[in-house]
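Okay, structure first, notes after.
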């Protein structure tokens, strides 16, 4: 007859305790490299893009007015050029980075 899962786990932990091996390396022992940073940034921009699209589509479904109304409201705020260009960069960077990094990965 086979052993139970509880017995197997007890045997596993007993063996690890006897051998004094670490469970897994901690993140802080890795030396940062460019591919690692690019991979993390790629995942982050992917999450940001999916959240942005989801929030925009949810807003399009739930808000009472049409898009031109909200665009006019933003224009009425008379925001300075520095803030406008910063907002454009914040919208364009994740899309362009994620796209070009994905193409780089495929190549």
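Just so it is clear, glycine is given a Cβ too, placed from its N, Cα and C backbone atoms.
Unlike curated records, TrEMBL annotations are generated automatically.
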- Query: Ranges 10-31, 76-97: which does TrEMBL label transmembrane segment?
  - Reply: 76-97
- Message: Using a Cβ cut-off under 8 Å, which residues of the same chain at least 6 positions beyond either end of the transmembrane segment (44-64) come close to it?
- Response: 70, 93-95, 97-98, 101
- Neighbouring C-beta atoms (10 Å sphere around the C-beta of residue 98 (heme binding site)): 19
